């Protein structure tokens, strides 16, 4: 059983993942993503993954067989386990909890050669619908407090398989980063009676120099204080705290703007590895007034080093306005 | 002039380092550490660094010439600039400050082939004395609120030059991570009237299974909730909030225990890259009762990925008690 542990000093939780415990020799070389070779996520290899939780099968093909366009399965090496109760206990000064949670993989395409930036907006739209379907289902499990969805693209960004996929982790706690975002946006709302994200959109449209792209429903921009070079946020223009209550036309617009920004990043930075994270309000917290869901996209270009670990803040070598200009002017066709 | 910028949502500061602004092409390949070739940190190449701020010269050799055993110089590509005032301004909803600060390099040896783990404890002791000398000097500059000292060893851990060195950054703000540590340890003190670090040392000695090594004045252990596999802390047994008030015999003991832990890590993990960070109380905050200085040492073995960026917490694949056992039982001679 994996464990959740809480640092007694700053309150940060850690998953001790006993199910995939590594011995020192496993760290002696960086694992290489297999180029070609056997891939459990490819169509035809369905028996090599855990049984499917959800699949889109346009021709009503049989469960766990071929003929799908998107498939959701449990992670074969989960960081958290779906069975069991939380078992909160204190151990002297330390707090301990069982590592209960869901860890799922969204296989975004049956084809090994597909990458998100080159897929059609319809295919990308299906991925967002799968996110929505899984969130709505997992919200029924009362043990969970937060559902995180993210994508690691490329080995330096943490992907262990190169076949295009996203991951979902349902957690029995609200993570530190989300609490910080909720606290910050709530304080702002209490003071100004406005959503801080709505104010960011308004000011950044007015300033203009951090905007990359926009359409009817979404805007993409480099934030004012990005941690990383070319860090990009995609925000809905309509105030809404939760991704899962986005409307059908919004998900279509989101698919379009995401494809465009990924193509621009691929063009400017030549297919960098990246992390993409969906930020949405926990369903257990009434934050409709002050929180605003969005996507954060971070190309993996620099190493996090002693300075960042020691301070919790970041040295970013590219001014955001310059990064935005590079991406804004990148032509894609 | 580089800038400090504050994320308006969670309050995290970022340095926008215009002085070493990078264009996109700089990110298209990971920079490789030069193996051999010209090194500005080697003895004889003193004219290729900024003028020295401090040097240990046992035979009283001339400033900026050969004959030194340790040398401190300004970073040639500083993240912060020593000249100027803070210039705090608001820009609509955003907060902005000039990037004023010191960024120094401690060149730990004149010899390119030295690595910290193989240096004598006397040499290591000199490095700690240099840290102390620089902290005491920079505390006189009233613009600074915090002095961070850290070491990046190896290119994957962020080192851009392979010649053994540490870095010092004096900041006009107290970083988020330090505020969290101070707040957490102060809350604990207010409730229990004891230092939480002292309680950790007491409980971990009693539990036994996370201890790696100890001597008269120091203990090294894997913390209860480490972010990374084989993350190691070194703590003084005597309660003391600030590194710079450590006594002479303590610095000697620290040098010995650090050399031993680095040798153990090199043995078990085969010379991994790592980050080492000194955690010490800001001189501007009266935290003598509740804070406890220490060193955090993080071998760079895993990639930080979407999950960590989205949550602010970490998946650690090695239980701390197992990591401690590997290091405890590693024989070094």
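From the backbone N, Cα and C atoms, a Cβ is placed for every residue, glycine too.
Among the candidates A:48, A:112, the residue that TrEMBL annotates alongside A:39, A:42, A:163 as binding Zn(2+) is A:112. Within 8 Å of the centroid defined by the CB atoms of A:39, A:42, A:112, A:163, the record's Zn(2+) site, lie the Cβ atoms of A:40, A:41, A:45, A:111, A:161, A:162, excluding the listed residues themselves. Cβ neighbour count for residue A:39 (Zn(2+) binding site) (all protein chains, 10 Å cutoff from its Cβ): 15. Counting only the Cα atoms, the space from residue A:39 (Zn(2+) binding site) to residue A:165 (active site, tele-UMP-histidine intermediate) is about 12 angstrom. Sorting the domain 'HIT' (A:196-309) by DSSP state (H, G, I as helix; E, B as strand; all else coil) yields 41 helix, 25 strand, 48 coil.
According to DSSP, residue A:39 (Zn(2+) binding site) is assigned to coil rather than to any helix or strand. In this structure, residue A:112 (Zn(2+) binding site) belongs to neither helix nor strand by DSSP; it is coil.
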